[in-house]
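Student: Quick one: this structure, given as C-alpha cells, is what I'll be asking you about.
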C-alpha cells in the first residue's frame, strides 16, 4: 500500500473568496468491456464536476492527453468522453478525466476500457471417449480464446437438451468448463457439446463445441469417493466480492458433498451451497479467511481436500482531507488515513499520510488530492486550499449586540473578526481599557473577554478592537445583568423494585424576564424528555437506576441538583463461565457471581444445547438445586462425543435474570455405543446373495469416531455365527455372496455398532431370507378369469402361485397402445384376485399376467382382450320432490332414460344419512318413489337418489329434509317441494321457509 498527498494541478488564476469554488466530482468514469469488432457503436466514459465558475475538461489515456479536436472519433459531451467506432488496438487503455477552473484542477479515478471477444471452437472433430458403468469420467471443454471469463453449460445430443444443475451425478466446472460425471450409467452414451457464453456490458455471445462422443461400457463396481475437481490450495479473494470454491468427486454410489471451515464456524452466508459441489461465499469479509475443507462421502468411504482463502482489499478511506481556508503566512497540516489490509482492530492495518505546509502564500491556493493505491485499485481524496489576506472585518461575525448575564455568575464575550494575517485584539468598557489586571476581567490570548462575579455595576457597553497591517475594525455589545436561577425543591433519593413507578421532583426560581427550561440527565447522559420539572418513570427497569440530575436553566445561567435512584430486580448475568473436567457424559462448570441488583441471589439454573438443536433446555446437574452462593456445579446426562455450549441463569425473590454469555463450545469424551442399530431387515438380491439392511445410526447414538457396524448372521439351523465389519457410519446394507447359498434360505441376523472406544450391544435377532434362485421362468398357469364389474373396472383372478414372497403382476393397456406403456397392478403372496379400476368406458383393453418374486418378473401369460361396459347415464333422476306423512318422508322422482351410448338403467339406489349413520336401499327400475322414516327428534336427514346399472352408478341428486319444515310445508303449501344441493342453498331454503310462516296461503 502506498499513498501520497500532492497538489496535482494548482490554480493559476485568482479564485474569488466567498464566490468561487474548486471542482468536485459528481460523476466519474467506470471501467467498460466493449465487444471487439462492433465498429458501428460508441463508448461513453462519464465525467461531471460541480464548480464555480463551471469546469472545463481534459482527458488522459495511459497518462497522455486524448487528442480532442484532432481525432474526430473523440467527442466531448459536457464532461463525458464519447469514442465513436472504438477499436481494440487504438482505444484499449486507462482513462482519467480532468476537471479545471481558476480555483484548481482535479483528476478522476482511472477507468479501464477493454475489449471482449469469444472466438469459435476449432472445426476439427473430437476424439471419442469411453467410460465404464459405475465409474467416474470427464469430458474436456477446451474453450477457444476469449475475454473476459466464460460461463459454461453442456448439451446432450441436441439443443436445447442441457444437463440439469440439480442432477448430483453431473458437474460443470465454471473454472475449466469441463463436464464431470460421478458415476456413469449406460444411458449416458451420447454426443456432448460444450456451450460457452460471454457476458459484456452491452452484449452477450455464445458458441458451442464440436460433438464429444461418449460411450459407456458395462462394469458396475462400487467405489469409495475420489475427489477430482479441487479448488486451489491458496485462493486470494477480494473483500466485498463473491468467491466460489469447486469440489467434485467420482464414486459409486454417487458421493454426497459437504463443506466445513476447519479453523472456525462456516459462514452462514454460504447457505445451501455448503452441501453441494460449489461453495459460494458472497460479500467476502476478512472474517471469512481461513482453511476450508470439502468432504465427499458415500457408503463405501470418504475423501477430503483442504485449501485456504486469503482475503485482500482495495484501498478504503478511514479519514479524508477537507477543504481549508487559512490565513497568509500560516501553516497547514493535512492528514488522510487509508485502510490497507483489514478492518480495525487488526494491528498495522491503516496507513496515515500527512502533508505539512508552512509560510503559506497566495499562490499555494488550489486543489489538492491524496492518492492511495495497491494492486487492487487507486482512490483519491480531494480538498481545496484557500490562502486568505484581508483587513479585520466584523460584518460576518460581530460581537453579540445584547449579552444577558446572571448576577453572581460569569459571562464569556467572543471577538472573532475575519482577518488575514491574524489581528491584534483588545477590549474596552467606555474609555477604560480592559486587561487581565482589571477587577473581575480576563482577556484570553485569542481575544475572548470573561467577566466574573457579575453585579449590577457591570452592565454597559463593551467594545472589541482588531488591527493588522492592512487596517482596523471594532464591534460593540451590551451586557444586561439578570437575577440568578436557583433550585428551590431538589429531587430526593429513591429505592424501588423493578416494574414500579417513581416521581423525582424538581422546582426552581429564576429571573421573571427570562424563560426557564428543565432538563434531566441519567449518569451524565441527557434524557429525551419534555420541558418539565417533575420526572415520572413508569415501569422502571434495572437499566434506569443511577444518578438523576435536574438542571433548570435560562439563556444566561443554570442550576442543578441530583438524586440517586436504586432499582431492585432479578440478578444480572453471571460472568466468566468456564467448562472444566470434560468427561463422557458430564462436565464441570465454573462461573463468577453477577450483579445481584440489590436483592440476594437465591439459586442458579444451567441451560445447555447441543449441535443437534438450536434450542436451549434446562440441564440435569449435581447438585440438583444450585444455591445462590455457589460458583460451580457439574452437568450430568450428556451424550458422549457431542458438542455442547452452556449458559447460567441466576434468580432471586424478584425473578430470573438474563442468561450469561454462552460458554465456548466443547465436545464430550468418546464412549462405546450404548444402543444397537434399528430397522434390521433384508432379503432379495441376486442368486447366491444374502442382503441385510438397517437404519444408519443417528449422530447422537454414535458416541465416537471411527464408527461402523458389526453384523452377525447364521443359517437358522446353524450354531456358529459369521461376523462382518462394515466401517462406515452412512452404510445401510451388507451383501454376503456364497455360491453354496440355498435359494430363499432363512438366516438369523443381528447387528451392533462400534467406534474407537469399543462395541455396543447386539440388536434383537431378525430373520432374513437369502435371494431366490431367480425370477420366474414360466408363465402364470391358465385359466385366467376376467370379470367386468362396471364401465371403469374389472376383476382378474389367477391360479395361486403358492409362494409367500411371490405374486402376480397384471398388465393392461388399451388396444392401440404399446405394451411398453401398460399400467400395472400387483397382488402379493397368496392373493389370487385383483381389482383394476380407473378404466375408460366402452374401451377394449389387452390384459397379460406375469408371476414375480424378489429376483424379478417372469414371462407374460397369453394376452386376453376385454371390453369395458358402456358408462351409466350422466344425469341424476329429475323432478325430485318430497313430502312428509306422519313419521315418514315420501320421495318421488322421474325415471332416468339411457342414451344409445349409455348402459341401461336397472334400478335406483337411495342413500339415507342421519347423524353419521348411513343406510342404502336398492330399488328395481319400475319404482319411482320410496317411503323412509323421519328422525324422531327435530334434526334433519340427507337423502341421495341415483340410478344404477351394468355400467355402474350414475350421479346423485341430494335433498335435505327436516320434520319441522315438513309440517310447515304440509300446512301451508302441500304441493311445494324444496330441493337443496348444499349447505348454502339449505340455509337460503330455511330463510325462505321462515318467511312462508307469515304468509296466509
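Even glycines carry a Cβ here, placed using N, Cα and C.
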Student: Which range, 853-881, 882-910, 911-939, does TrEMBL list as region 'Disordered'?
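Tutor: Comparing 853-881, 882-910, 911-939 with TrEMBL, region 'Disordered' matches 853-881.
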Student: Applying the under-8 angstroms CB criterion, which one of 23-114, 122-209, 225-310, 392-482, 485-566 scores highest with the domain 'Fibronectin type-III' (573-671)?
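Tutor: Answer is 485-566, with the largest number of Cβ pairs below 8 Å.
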Student: Do at least three CB pairs under 8 A connect the domain 'Ig-like' (392-482) and the domain 'Ig-like' (122-209), leaving out pairs fewer than 6 apart in sequence?
Tutor: no
Student: Could you please provide the mean pLDDT value for the domain 'Ig-like' (392-482)?
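Tutor: In the predicted model, the domain 'Ig-like' (392-482) has a mean pLDDT of 90.
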